[in-house]
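Peer 1: Per TrEMBL, the features are:
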- 55, 56, 57, 58, 82, 106, 133, 134, 135, 136, 267, 268, 295: carbamoyl phosphate binding site (BINDING)
- 164, 227, 231, 232: L-ornithine binding site (BINDING)
- 10-146: domain 'Aspartate/ornithine carbamoyltransferase carbamoyl-P binding' (DOMAIN)
- 153-305: domain 'Aspartate/ornithine carbamoyltransferase Asp/Orn-binding' (DOMAIN)
Ligand code: CP
Ligand code: NVA
């Protein structure tokens with residue numbers, strides 16, 4: 001049985017705020033929580049949730065994770081708090097640090113999240129920004145590890161927009177040393193600084209590949225992953241992106257080009273018939289709902305490692 005070890009960094013703003021050892025450790029703790037082998041209590045600890053964008057999984061999985069740990073959450077809806085009125089982040093962060101033990105924040109600009117972290121005296125967790133979704137990547141690699149015990153040899157192919165989810169998969173994939181391939185239309189490549197950082201971490205530079213050809217990218221892949229083509233905040237680009245992403249749908253034809261035992265992941269919510277077909281979501285290779293469940297176990301582990 002494992003005892004959570006406190007993370008070296010105060011915050012979890014990026015997948016790179018933890019070391020590779022810490023990432024393996026969080027995954028082990030999460031597995032123990034899932035198997036009910038671990039009973040750690042964070043009694044009386046309070047998690048503040050500030051969500052500037054909609055959420056089902058992240059919000060509820062954090063609420064339930066905290067409740068399972070014996071703590072509580074407060075949902076600071078920006079429209080009914082002074083956040084929506086434009087109170088400066090530095091003031092909000094200092095005040096909430098007095099009431100809460102940890103904050104999970106979902107917002108647009110990653111620099112706003114960093115501003116919260118700068119002024120908060122308590123740990124701040126990235127619950128999704130335009131740049132990264134590191135909590136999602138924790139659950140994703142937990143799901144992959146459940147399927148492929150020695151997941152170092154796994155090939156993960158992400159088909160779609162080089163967005164926040166892709167960025168965090170790249171960075172966590174680099175920490176774990178697994179092969180990550182991104183297939184996106186030209187002009188929709190992942191963040192260039194993220195790619196640069198990932199190449200600095202990989203010992204074998206061939207393990208990260210960015211391509212514009214989905215068929216080549218899925219050859220021999222063990223995990224096929226996709227996400228929406230237009231993220232929250234990109235609603236006005238939807239029509240244009242729908243056209244640019246034609247040919248990037250995960251359908252049975254694309255799946256047939258992957259390894260025969262490949263699994264399918266999607267962070268959800270999904271637009272069926274756009275980035276993925278209904279058949280693939282509901283098919284026997286899909287681990288999408290296990291992946292959603294794992295958000296809770298992974299975040300329970302993260303909270304313990306930040307607060308213990
Ligand atoms: N995957 C994910 O973050 O889902 P929500 O937007 O529902 O939180
Ligand atoms: N890329 C998506 C992820 C949603 C969980 C978005 O940012 O809207």
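Yeah, the Cβs are placed from backbone N, Cα and C, and that goes for glycine too.
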Peer 1: Could you list, ordered by sequence, which of these binding-site residues: 55, 135, 164, 227, 295, have a Cβ under 6 Å from ligand 2?
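Peer 2: Going through 55, 135, 164, 227, 295 in sequence order, those close to ligand 2 turn out to be 164, 227.
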Peer 1: Of 227, 231, 232, 267, the binding-site residues listed, which put a C-beta under 6 Å from ligand 1? Please answer none if none do.
Peer 2: 267
Peer 1: Among 57, 133, the binding-site residues in question, whose Cβ has the most other Cβ atoms within 10 Å in this structure?
Peer 2: 133
Peer 1: Could you state, as a whole number of Å, the largest distance between Cα atoms of any two of 164, 227, 231, 232, the listed L-ornithine binders?
Peer 2: 12
Peer 1: How many Å lie between the Cα of residue 231 (L-ornithine binding site) and the Cα of residue 133 (carbamoyl phosphate binding site)?
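Peer 2: It is 12 Å, counting Cα to Cα.
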Peer 1: So among 57, 133, 267, 295, all listed as binding-site residues, which is physically nearest to residue 227 (L-ornithine binding site)? Use the C-alpha atoms.
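Peer 2: If we rank 57, 133, 267, 295 by Cα distance to residue 227 (L-ornithine binding site), first place goes to 267.
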Peer 1: Enter the number of other CB atoms within 10 angstroms of the CB of residue 227 (L-ornithine binding site).
Peer 2: 25
Peer 1: Provide, as an integer number of angstrom, the distance between the C-alpha atoms of residue 133 (carbamoyl phosphate binding site) and residue 164 (L-ornithine binding site).
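Peer 2: About 6 Å separates the two Cα atoms.
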Peer 1: Using Cβ atoms only, which residues of the same chain lie under 8 Å from residue 232 (L-ornithine binding site) while being at least 6 residues apart in sequence?
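Peer 2: Same-chain residues close to residue 232 (L-ornithine binding site) (Cβ under 8 Å, separated by 6 or more) are 53, 54.
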Peer 1: If you measure from the Cα of residue 164 (L-ornithine binding site), which of the binding-site residues 57, 82, 267 is the nearest?
Peer 2: 267
Peer 1: In the domain 'Aspartate/ornithine carbamoyltransferase carbamoyl-P binding' (10-146), how many residues does DSSP assign to helix, to strand and to coil?
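Peer 2: Reading the DSSP string over the domain 'Aspartate/ornithine carbamoyltransferase carbamoyl-P binding' (10-146) gives 64 helix, 19 strand, 54 coil.
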Peer 1: On a count of neighbouring CB atoms within 10 A, which of the binding-site residues 55, 82, 164, 231 is highest?
Peer 2: 164
Peer 1: If you count Cβ atoms within 10 Å of the Cβ of residue 267 (carbamoyl phosphate binding site), leaving out that atom itself, what do you get?
Peer 2: 25
Peer 1: Using the CB centroid of 164, 227, 231, 232 as the L-ornithine site centre, which other residues of the same chain sit with their CB within 8 A?
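Peer 2: Those within range, site residues removed, are 128, 130, 133, 161, 163, 165, 228, 233, 234.
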